[in-house]
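Chemist: Dropping a structure here in structure tokens format, bear with me for questions.
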Amino acid sequence: PFGNVSDCPNGSRWIMDVFSECAQDGWDVASIILGLGSIGCFIAAAFPQFYQACRTGIMDQALSIYFLLGWLGGDLLNLIGSFLADQLPLQVYTAIYYVLADLGMLSLYCYYRVKNRGRAFPAAINAAFVLLSVGSLSSLSLLGSASTEDLGTFKGRSLLSAPGEELGAKPFSRTEIIGFAIGSISSVLYLCSRVPQICTNYKRKSTSGVSYFLFALVMLGNSLYGLSVLLKNPEPGQGRGDYVLHHLPWLVGSLGVLALDVVISFQFLAYRKGRPGTLEERDALLGEQDES
């Protein structure tokens with residue numbers, strides 16, 4: 001049977017038992033440790049923004065709704081891709097947490113939007129929000145009713161990579177094609193989600209109401225994610241180029257978003273002396289003058 005020591009004679013037994021992963025040398029062990037660190041960063045990333053939102057009360061002015069919707073869309077496709085591509089249960093559970101955290105952040109945004117402005121969202125945003133919410137709940141329900149894979153089966157998969165690969169370089173299977181396509185779309189959404197937030201910070205000339213720890217932890221998580229994939233040894237008979245190709249969407253999504261988050265970090269430095277809420281206060285005064 002799979003999962004015994006003979007499948008991984010020189011590997012770490014506890015890693016194989018816990019993660020169904022064959023770690024035969026220090027590079028494989030480092031890949032797993034970095035992958036776990038990446039998961040921890042992503043899990044903790046949302047909490048600083050929740051605190052910042054409750055403290056300042058201007059979350060609807062500080063964050064772009066398109067940034068939140070794009071993030072939710074990327075995480076939702078990541079969840080669907082993880083399930084369809086039969087990734088490790090730890091990855092699926094972490095993807096579920098991402099979606100739930102995004103829904104919580106969007107709910108908080110909507111609360112402060114109604115509280116501070118009392119205005120409804122445009123129809124396009126309402127439709128996107130409803131579509132993503134229904135898709136998220138449907139995906140969670142599907143995963144809840146689906147049968148769980150036997151954790152004792154050893155497949156030699158990377159902790160944070162697209163699975164479905166077999167030994168040797170070979171054409172993509174149908175499952176790999178589906179996972180690759182969904183991963184590519186998810187990466188595009190991750191990249192596009194940063195642009196509205198960069199524009200919002202530039203228009204406001206302020207980052208008040210936005211927690212830098214949110215982006216700092218996401219940057220650290222994406223860095224660890226990319227390193228964990230790159231440090232992993234290819235399967236026996238698989239070349240390094242073929243290995244990178246099979247993981248390309250996830251690498252582009254993590255390292256590409258990292259570059260855009262660096263731009264947001266420079267905005268935090270550039271606008272750190274800006275007076276919070278200046279643009280919002282000016283707009284409110286102009287609105288009062290127009291009414292008078």
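Cβ coordinates are placed from backbone N, Cα and C, and glycine is handled just like the others.
Not measured: the values here are computed from a predicted model.
Annotations for this protein, taken from TrEMBL, read as follows:
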TRANSMEM  29-51  transmembrane segment
TRANSMEM  63-84  transmembrane segment
TRANSMEM  90-112  transmembrane segment
TRANSMEM  124-144  transmembrane segment
TRANSMEM  177-197  transmembrane segment
TRANSMEM  209-230  transmembrane segment
TRANSMEM  250-271  transmembrane segment
Chemist: Can you tell me which parts of the same chain pack against the transmembrane segment (177-197), counting only residues 6+ beyond its ends and a CB-CB cutoff under 8 A?
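Modeler: Answer is 63-71, 73-75, 77-78, 80-81, 84-85, 162-164, 210, 246, 249-250, 252-253, 256-257, 260-261, 263-264.
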Chemist: Could you tell me what the rest of the chain brings near the transmembrane segment (29-51), counting residues at least six beyond its ends with Cβ under 8 Å?
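Modeler: Tertiary neighbours of the transmembrane segment (29-51) are 12, 15, 19, 21, 23, 59, 63, 90, 94, 97-98, 101, 104-105, 108, 158-160, 210-211, 213-214, 217-218, 220-222, 224-225, 227-229, 231-232.
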